[in-house]
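Colleague: Could you have a look at this structure, given as structure tokens, before my questions?
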Amino acid sequence: MREVRASRGQGRSPSRTGTLDLSRVMLLVYVLAALELACLFMQFSVMPYLSRRLGLDSVAFGYQQTIFGVLQLLGGPVFGRFADQRGARAAFTLSFLASSALYLLLAAACSPALPGVPLLFASRLPGALMHTLPAAQMAITDLSAPEERPAALGRLGLCFGVGVIFGSLLGGTLSSTCGIQCPVIVAFVVSLLGAVLSLTCIPTSTKGASARAQAALPGKPKASVFDLKAITCLLLQPGVLPVFLVKVICGFPSGLFMVMFSLISMDFFQLEAAQAGYLMSFFGVLQMVFQGLVIGWLSSRFSEGALLRASVLAFSVVGLAMALMANVFHLCLLMPGLVFSLCALNVVTDSMLTNAVSASDTGTMLGLCASVQPLTRTLGPTLGGLLYHRFGVPVFGHVQLAVNFLVLLVLWRQPVPPKMDKAW
């Protein structure tokens, strides 16, 4: 595998055997990402019911979500730096072991003989190291050429869709037929399986020889995994900060809406739990189609700058439609545009940012990118709840329209920084 990467970096064609090994590794990375996401959504499907059974109110449930979001926000960049320094095998294994610890504590919280509430809150702690998706993004980035990267990263959308659909379905079915503890135990076993597969089948490192040599230059001190200065210095490299700010600012308004969606679906759309589940499955199918197929097709025909502007424009149009929607049918009509915007923004910005840093720093960069969603989950419940209770659902559309229209004007006046291809 490493020889394949080295030959690609030197411009030589890899052998047929090396290409097959590369394909197998990439396929395994996609499978591991799908397993982790399915387990995560199995957990999401039982958390509200477990909290209610333990006597927690909505405020305490919100505290759990905030704790999990803060831990993932803080752990993302550190985990990314760990992946850069220790390699893909260590990163995947650590993430799955952290997931196993979370599900084990959650299963213990389901037992009436144990103190459920303390164990429930303790189960949030391993979330700081649960970053299988950024690890998968790093491996796919390392194993794909720059021109193939948007399509390769976009295929992770299929994994996300599989996780949303099968994780939610299995979580609901198993909890209703076998008890609330069953899906958590299944998630624990699957996570242990993922750790074993990572340890035995994932290469020690997916980075090329040039990246390893760059990371180990003579006389260059080896920075700590917790070196925050080295992490933040990535944002100051040419072409990085503007794209990162676009990623954070444009995705934040729609993130607020998604954070508040469970409450909006009950209060505004008057949906039952099963109907809300069907709507989330529709969202998952759309994400599979757009991120797994459409974005890859578009990236082969249009530049990343053009796709970035298109996603911001689509966000603006969807924001206008969101401000005018009155029922769930309107939401279904605008959801394809919302999913396209989210998928295009995430895939294109991840590709541009990993192209703008050296190959030895892709994991750290993707760790910073992975912190964007936890940031929304941390700030979203408070800010989104304040906006919703004061102004209603249309405010999310107004904010999304205003923010993305301003960003679109800036992007139109100032060209998107050209991507900086790594040395392969």
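Any Cβ shown, glycine's included, is placed from N, Cα and C.
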Colleague: May I ask you to indicate which of 51-75, 276-300 is given in TrEMBL as transmembrane segment?
Modeller: 276-300
Colleague: Considering pairs 6 or more residues apart, do the transmembrane segment (152-172) and the transmembrane segment (391-412) have at least three CB pairs under 8 Å?
Modeller: no
Colleague: Roughly where does the domain 'Major facilitator superfamily (MFS) profile' (22-416) sit in mean pLDDT, to the nearest integer?
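Modeller: So the average pLDDT across the domain 'Major facilitator superfamily (MFS) profile' (22-416) works out to 83.
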